[in-house]
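K.L.:
So TrEMBL says this about it:
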type	residues	note
TRANSMEM	6-33	transmembrane segment
TRANSMEM	54-72	transmembrane segment
TRANSMEM	92-113	transmembrane segment
TRANSMEM	149-175	transmembrane segment
TRANSMEM	217-247	transmembrane segment
DOMAIN	222-352	domain 'O-antigen ligase-related'
TRANSMEM	254-270	transmembrane segment
TRANSMEM	345-365	transmembrane segment
TRANSMEM	377-402	transmembrane segment
REGION	438-478	region 'Disordered'
Amino acid sequence: MNKYLLMILLTSGGGVGGFVRGPYIPLAMYYFYAVLRPQYLWKWELMMYPDPPFGGWSFYMAGAALITYLPWVFGIVGPINDPERRVFPGFIWAHRLMLMFFTWVTVSYLNAMNQDVAWVSYQEMIKIALMYMLATQVVRAFWQVWGLYMIFTLAIGYIAVDINHLYVTTGYLLLVRAGFAGLDNNGAALLLSLGVPMAYFAWELTRGWHRWLLLPIIPAIIHAVVSSYSRGAMLSVIITLPLYFLYTRKRKSLAVMLLVGLAMLPFMAGQEIRNRFMTVEHAEEDETLNLRFMSWRAAYLIATDYPVFGIGPRNSNLVSKHYGTDMEGRTIHNNYLQIAADNGWVGMGLFVLLLIFVVLSMWRARRRLWKHKDPESVRAVAMLGGLECTLWTFIIGSWLLSLETFEPAYIVMLLGAQIWAISNAQVTPAPGYRAGQAQWANVGPRPGGAPPPPPRPRPERTEETWVPPSRLDDTPRP
């Protein structure tokens with residue numbers, strides 16, 4: 001199909017879906033575009049046609065989600081009996097810290113040495129934070145988290161397959177020669193590496209024969225990452241492998257897959273790739289790594305001189321040579337030190353706290369759900385495994401990259417935190433319910449399809465007795 005026509009159909013469908021069903025559909029399409037980046041992936045096919053007016057394709061999806069949110073809340077848009085209207089996820093610390101981090105970036109922008117340079121990075125942060133906060137209010141059920149999880153996974157899988165197809169048919173190494181979506185080969189490889197844990201745990205949480213269609217995504221991603229010559233992305237995948245065994249319910253299957261993958265790896269990596277990877281053992285002989293050490297030292301010195309608000313978003317590149325790097329405009333190549341230089345030690349501290357509280361939110365949700373065997377809980381636990389392994393892949397890989405506006409990482413943070421937020425949701429009564437009955441009726445399915453317990457007396461909710469609020473029962477009771 002003509003890719004331009006496909007983009008028109010997808011964008012139109014997302015916009016219409018927002019006015020028919022509510023803001024979740026355009027929000028999901030926005031995040032699909034944020035990961036897939038079709039304007040880069042299909043660049044040569046789309047460049048023959050005019051660009052969409054007033055902004056990119058994702059602009060229309062973001063606008064549709066924002067425009068339809070309040071009408072959906074007040075019952076003007078979407079089905080009036082939509083059960084998600086009555087669920088209000090908690091505004092947890094992971095959400096608060098995201099808001100605090102964005103606020104600090106805003107203050108840093110206002111105090112930037114050069115606001116024109118800072119604006120390019122800051123406007124990306126505005127978009128990321130705005131859609132993140134909207135998603136915390138729109139995503140109110142586990143099935144919605146699952147939908148975004150699968151969209152993320154399939155988008156990365158498609159990118160990997162497309163890159164491999166280009167290599168097989170033409171011999172062109174896209175990531176090495178041109179990068180992807182404004183990222184160099186290392187950033188693009190890290191983006192792809194996020195799909196490995198997502199694809200594995202998607203296979204685990206999916207039921208039916210079609211789950212086996214998800215496994216081929218993993219070797220496609222691994223081959224694309226290996227052929228990118230990115231050591232950081234390869235290391236981030238390898239280091240996080242023990243977490244897979246910690247969180248999976250199918251350890252034997254995972255062990256078999258890992259053995260098969262190790263057997264295939266020598267055929268994927270040629271001699272040049274192996275030689276480049278082994279230079280990690282000889283850091284003093286690797287000029288690239290030595291240049292990164294110089295950049296890290298420069299970032300530390302900049303952050304020391306501007307400890308509170310930093311020098312301004314991406315303003316550190318303007319002065320990096322003055323602080324000891326080899327050239328003008330040298331990027332820091334460390335996400336945490338980049339944030340420290342640009343937004344001060346306070347900004348870096350808020351970002352690290354955001355990561356910590358997202359991980360803590362996932363741990364608490366897993367602790368609550370792990371012992372439950374109902375399908376919703378099993379699926380949520382599998383998603384948590386994939387999301388946490390993916391987040392750790394980013395945390396490790398970003399030690400060698402500057403990715404403070406890397407939206408896929410914020411999507412992973414959102415989904416991981418949102419599972420815990422939904423677990424602590426407040427549910428308002430449906431028509432025909434007494435308040436106590438409504439609260440019990442909305443806590444979700446129970447093993448064996450047993451009916452909810454009577455509303456009085458209502459016992460204290462504990463980690464052992466809690467069941468997730470997933471599918472709401474709207475049948476009125478006397």
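The backbone N, Cα and C atoms fix where each Cβ goes, glycine too.
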K.L.:
For the transmembrane segment (149-175), find every same-chain residue at least 6 residues outside the stretch whose CB is under 8 Å from a CB in it, and list them.
P.N.:
28, 31-32, 35-36, 41, 185, 188-189, 191-192, 194-195, 198-199, 202, 214, 217, 220-221, 223-224, 227-228, 230, 383, 386-387, 408, 411-412, 415
K.L.:
Helix, strand, coil: count each for the residues of the domain 'O-antigen ligase-related' (222-352), based on DSSP.
P.N.:
98 helix, 0 strand, 33 coil
K.L.:
Can you check how the pLDDT averages out over the domain 'O-antigen ligase-related' (222-352)?
P.N.:
85
K.L.:
Apart from its near flanks, which chain residues at least 6 from the ends of the transmembrane segment (92-113) lie with a Cβ under 8 angstroms of it?
P.N.:
119, 122, 125-126, 129, 132-133, 136, 309-313, 315, 318-319, 342-344, 346-347, 350-351, 353-354, 357-358, 361, 410, 413, 416-417, 420-421, 424
K.L.:
Could you tell me whether the transmembrane segment (345-365) and the transmembrane segment (54-72) are in contact, taking contact to mean 3+ Cβ pairs under 8 Å with a sequence separation of 6 or more?
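P.N.:
They do not touch: fewer than three Cβ pairs between the two stretches lie under 8 Å.
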